[in-house]
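J.: The annotation transmembrane segment is assigned in TrEMBL to A:12-33, A:64-84, A:96-116, A:122-143, A:150-171, A:198-217, A:243-269, A:289-307, A:314-333.
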Amino acid sequence: MKHDTSPSALPYGPFLGGLGVLAVLVFGASLLIGPVSISPLEGWQALGGDDTNLLTLVLQEIRFPRAILGAAVGAILGLSGAVLQGLLRNPLADPGLLGISASASLGAVIALYSGLAALHIFALPVAALTTATLAVSLIILLVGRSFDILTIILAGVALTSLAGALTSLALNLSSDPFAALEIVFWMMGSLTDRSMDHVFLSLPFIMAGGVLLFATARALDALSLGHDVATSLGINLKRTRTLAIFGTAIGVGAATAVSGAIGFVGLVVPHVLRPLVGNRPSHLLPASALGGAIFLMTTDILVRVILPGKDLKLGVMTAMVGAPFFLWLLYSLKRRAV
Amino acid sequence: MTLLSCTSLTASLGRKQVLDAVSFAVDRPQLIGLIGPNGAGKSTLLKTLAGVLDHGGDVQFRGQDHRAIPAPEKARSIAYMPQERVVHWDLACRDVVLLGRLPYRGWAGRASTEDRQATDDAMGKMDVLEFANRPFNQLSGGEQARVLLARLLAQSPALVLADEPTNGLDPAHQIGLMKTFRSLVDEGKTVILSLHDLTLAAAWCDRLLLLDHGRMTADGPPETVLQAETLRQVYGVETEWVTTSRTAAVIAVDISSSRTPRET
């Protein structure tokens, strides 16, 4: 007699394959859908072409980097959420928890406020990466001293408040209303007008962060049985924690540096996918990476379709789609339990 | 070869020293009961032996320095079950048991047929195969204890450490569990478990280690360790041995009126 691993779980291999196919389809749709509508055939020709007509330009310079960033940023947010939830054994953990997103935002805001951002295209992302790195160093310092994960979270909360306060200070002191508006818009998160330069800047960091995060898979499984049993199963928890924090810092820091703060992906995506992979933390990692990519690319398409002329911000959209969906999910789970 | 020997073992939780110069050796498969009042250091000793807590003094496992054994290798020989029966995510029971095979799998390695076989064997032995696909968190306490024990067996260790495994179980499950431990000893494994139930300890264990305030107060077969005078001093209770047609057991009958003052 052959059973699934748990009543609601789907067979893992095919499920992951299905998510992969869906991700590819959404990626394709993300290239074709927008103010300039492109047919699949035209798109295929334009993507490989080297002529300078409008279609080729739109596809290669605008849509392609945007789709790549949507996939990469969504994937790292979903993955990091799944890892942090597994590490903390808490379904409410989120990449924003460690203060990385807020710190990266602060760097970007400083670049915008000081006018550095206007000087060079890389000034803003580099500033964001720098502050994210500073935040991580601070966290690593704390990690070195304490074994307690709660300390790290509290440090993250403190860091988030501090970065938030400094960001508000920049807005407060900004004499230029245009700069203030730019800061506010940037903080909403967006993938509009990103170029291949942004891709080249962030993708290596996002991928490196992803590798570190995936390396925690086995340990996260063991942690289902608690801290002590995981240790007795030969898992080095200190190493696991360092991988998770570094991975999130590098990956999410780089993602925030190019996209701005995008909430809800890291929280909702692992939560939705968890029962479908039999609740196994290691199986949740690749699923959440694919799910995050699909979710973010889809919302980025919605942003373009719903209000084409208004530059609707992606971070606004993820929360507007994610939050009601999350509430519905909680409601239906509750009903099932009763 | 001596499986395990501790010489002047010390351990601390934070700044508080919990174990003080504990020494004992195990040179043949035994069912060893670790007894002592709350806070005596039973859990700490088990955690130390499991490699979860750092320790001072000398601990040798199969003639090797316990601290020098690489963690994955240690995990293939020593299995540990904590007091609280917790599984954090809603895992199916088979996935819980399969975690016992983690020390045998490579980095990101998938479970081999051998791993699946060992998992099924362990579940069969604990009679939990019928729960294989049920969520762990929906089982009763006794069923959960059996599933977690199957996880421990799947690890195929030489030394089994269990912290109050009979806690919260009804008499039938308690006896069933002790029988399982007994059969593990018959297979050549050594089992060390902490117990609060002196009757159970007397009835099932080959040897008892009595801890009090982090020190080893007595070490020997149940009938020598469970002396009325010793128990009065350590636990502050009056005990009597009761002999029935099938077994001899020690029962606590009252709290001692004049508790012998102890050094602290």
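A Cβ is built for glycine as well, from the same backbone N, Cα and C atoms used for every other residue.
Values in this document were obtained by computation on a predicted structure and should not be read as measured data.
For each listed feature, how buried is it and what is near it?
T.: Here the transmembrane segment (A:96-116) has Cβ contacts under 8 Å with residues 84, 123-132, 134-136, 139, 152-153, 155-160, 163-164, 166-167, 170-171, 173-174, 179, 182-183, 186-187, 245, 248-249, 252-253, 256-257, 260-261, 263, 266 of the same chain, all six or more residues outside its ends.
Distant neighbours of the transmembrane segment (A:122-143): 98-100, 103-108, 110-112, 116, 151-152, 155-156, 159, 163, 186, 197-198, 201-202, 205, 241-242, 245-246, 249-250, 252-254, 256-258; these residues of the same chain sit at least 6 beyond its ends, with a Cβ under 8 Å from one of its Cβ atoms.
Nonlocal intrachain contacts for the transmembrane segment (A:289-307), taken as residues 6+ away from its ends with a CB within less than 8 angstroms of a stretch CB, comprise 16, 19-20, 22-23, 26-27, 29-30, 33-35, 66-67, 70-79, 81-82, 191, 210, 262, 265-266, 268-270, 272-273, 313-314, 317-318, 321-322.
For the transmembrane segment (A:314-333), the residues of the chain that approach it from at least six positions outside its boundaries are 187-192, 259-265, 267-268, 271-272, 295-296, 299-300, 302-303, judged by C-beta separation under 8 angstroms.
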J.: Which sequence-distant residues neighbour the transmembrane segment (A:64-84)? Criterion: at least 6 residues beyond either end, Cβ under 8 Å.
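T.: Non-local partners: 23, 27, 30-31, 47, 93-95, 97-98, 191-192, 194-196, 198-199, 202-203, 206-207, 209-210, 213-214, 216, 220, 244, 247-248, 251-252, 254-255, 258-259, 262, 265-267, 269-270, 281, 284-285, 287-297, 300.
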